[in-house]
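**Student:** If you look up TrEMBL, you'll see GLN128, CYS129, GLN130, PRO277, TYR278, GLY279, GLY280, MET281, GLU282, ARG563, MET564, LYS565 marked as peptide binding site. As annotated by TrEMBL, region 'Disordered' applies to 164-184. Summarising the annotation, TrEMBL assigns Zn(2+) binding site to HIS306, HIS310, GLU329. Positions annotated as active site, proton acceptor by TrEMBL: GLU307. Positions annotated as active site, proton donor by TrEMBL: TYR394. Positions annotated as domain 'Peptidase M1 leukotriene A4 hydrolase/aminopeptidase C-terminal' by TrEMBL: 470-610.
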Amino acid sequence: MAPIDPHSYTDSTNPLATHLSLTLFISFPTSTISATALLTLPIPFSGPLLLDTRSLSISSVLHPQTLTPIPFSLSPTIDPIKGQLLTLTLTGQDSILITYSTSPDSSALQWLNPSQTASKTHPFVYTQCQSIHARSVFPCQDTPAARLRFSALVNLPHPLSSVASAPKTFPDPRPPNPNESRGAVSDDLWCMPGRCVEEFSSEFPVPPYLFALAAGRLGSREVGSRTMVYAEAEGEVLGAAAKEFAGVEEMVQAGEGLFGPYEWGRFDLLVLPPSFPYGGMENPLMVFLTPTVIRGDGSGAQVVAHELAHSWTGNLITNKTNEDFWLNEGFTTYAERRIVEVVQGEERAALNIGIGWKGLNADVERFKDNMEFTKLKNKQEGIDPDDIYSNVPYEKGFQFLWRIERQIGRAKFDEFLKKYIVTFKFQSIDTEMFIEFLKENVPGIEKDIDLDQWVYGTGIPPDALEPVSNIYTKIVSLSNEFRLGRMPTEDEVAYWSGQEWELYLENLPKTSEASQVTALDACYHLSESKDWEVKVVFLQLSISCGCKNYFGEVEKTLKEVGRMKYLRPLYTALVQGAGKEEEKILAKRLFMEARESYHPIAQGVVESILLKHA
């Protein structure tokens, strides 16, 4: 017996479940879901079946046909990363019905009261299961090595509606029926007045972290032949999102031209409330997005390009464990930039690469005391993947693939990518499987590229490449001139969008004079930018340079959004370094006041920053 994943109890002797059928009774007053999970195995199995859980209360485990009890036990200790082990003792069963309920402190679920939503009258709930949080929504083999087909019955209060990472069986909510909850709650509760049921079912086998569900007062707008944008029905977000993402179909078609058919049917988008901890989450058929990607000029669609690219690299082919996370994100970053190049041009793709290059160098510096996490393939035993989330798997992974492309030429690399996708689609693979496939299909590649250094070596290999383009070179040059006291002129920045400003600010020295930073803002009002990427990079710079007159804007920002891309650098800038007692006091106060508005994953990330530095 041996675990197959450092973040899961799943045992190598156990068959991996192939289907999960859920009944979910959403209770906003208690911030819980009462539920059943019907797990189907590929073969009858006898012996201990090990499942992952976190903050779940298990009521019963039954054989679904006979309703006879199946012995089960929960481990007396709870691992701080893996959670609590649920052991079922099977005697030839191939399906198991588990009755359970979630906890209000589930790490995957954020419950928003009406005051935290756009409507101010209806509550909202959503899941975020990556990397290892599905186990706090349902008991499962919570490893990307397992791939499940999902179905679900969702019982929720009218007039709310729900969306999921699976198509609806029927377009409209229906009344609850007796005897369909499988014991999740009594029929009196299931069928109580004011409740409705929605059904979801998907034919695609996906890892547990790609399960997604959201429920609230939702509206929708069609923006393409296979794309609907969803958001809260009240407020301005839905209309702004529909406008921002009007070009999504062009991106889907570009992806198909590059990487082969789009296998999933629909490509719908849900813009969540501002507390959503990521820029986007690639849930199949229903991408989740932060409202901070809506910039008003269509450039936020680049986040969508990344999540779209996951439809081929990440969702279709998945890393077997989080130690191989670069297989998801490095490939997807490469694919995203190819899509952007087709739709928006080479210069825009070069800007993306330049911003990524800066981020990669920053994160290699961040891990200077633990270079293990600058490797593409790294060891994560005893490590929470949320704690080491960084640009490395994205940008070093991109650089590795870009290096292969430069070696063999784009045409051959495109041919290789399509074959890779066809060969491994709907499978979970590890780094070694990819390297073997690479060597088989590109004979002699190991003689031209030091594959071991790229995959198992620390830091940035010497044959990685900083991008070269006219606009990139010009912006970096202007950043260097800032060190000498010269700001860019209005003519020089007249046609800059958010990405140009982001690249410029990222390249300014963090030791600039406070007066210089203040003067730059006086000219270009960066602290008030509607582009969150620009605003946050500027605020991070202002903190590092000791501009305390921006603390008010920092406070407003940290209380307004929960995206970890913004929380992590701003809290870190406040508390990192010597002589920052005032900043540390501010950071602790802000987190105490804003904590409940952050998703549980984001709460944990900020807590670890404060614990380390403050």
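Along the chain as shown, the residues are counted starting at 1.
Yeah, the Cβs are placed from backbone N, Cα and C, and that goes for glycine too.
Curation plays no part in TrEMBL annotations; they are all automatic predictions.
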**Student:** Count the other Cβ atoms sitting within 10 Å of the Cβ of GLN130 (peptide binding site), across every protein chain shown.
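**Tutor:** Its Cβ shell of radius 10 Å holds 26 other Cβ atoms.
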**Student:** Which residues, given as numbers and ranges, are at least 6 beyond the ends of the region 'Disordered' (164-184) yet have a Cβ under 8 Å from it?
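**Tutor:** Beyond its ends, the region 'Disordered' (164-184) has Cβ neighbours at 23-25, 34-36, 38, 60, 97, 99, 150-155, 158, 190-191, 195-202, 206, 210-214, 265-266, 283-286.
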**Student:** Measure from the Cα of GLU329 (Zn(2+) binding site) to the Cα of every one of the recorded positions GLN130, GLY280, GLU307, TYR394, MET564, then give the nearest.
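**Tutor:** Closest by Cα: TYR394.
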**Student:** What are the helix, strand and coil residue counts for the region 'Disordered' (164-184) according to DSSP?
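**Tutor:** Summed over the region 'Disordered' (164-184), the classes give 0 helix, 3 strand, 18 coil.
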**Student:** Quick check on the domain 'Peptidase M1 leukotriene A4 hydrolase/aminopeptidase C-terminal' (470-610): DSSP residue counts for helix, strand, coil, in that order please.
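**Tutor:** For the domain 'Peptidase M1 leukotriene A4 hydrolase/aminopeptidase C-terminal' (470-610), the helix, strand and coil counts are 106 helix, 0 strand, 35 coil.
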**Student:** Do you see any of the binding-site residues GLN128, GLN130, TYR278, GLY280, GLU282 whose C-alpha is within 10 Å of HIS310 (Zn(2+) binding site), and which ones?
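**Tutor:** GLU282, listed in sequence order.
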**Student:** Nearest to TYR394 (active site, proton donor) by Cα distance: which of the recorded positions GLU282, HIS306, GLU307, MET564 is it?
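**Tutor:** Its closest listed neighbour, by Cα, is HIS306.
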**Student:** Write down the Cα-Cα distance for GLU307 (active site, proton acceptor) and GLN130 (peptide binding site), rounded and given in Å.
**Tutor:** 14
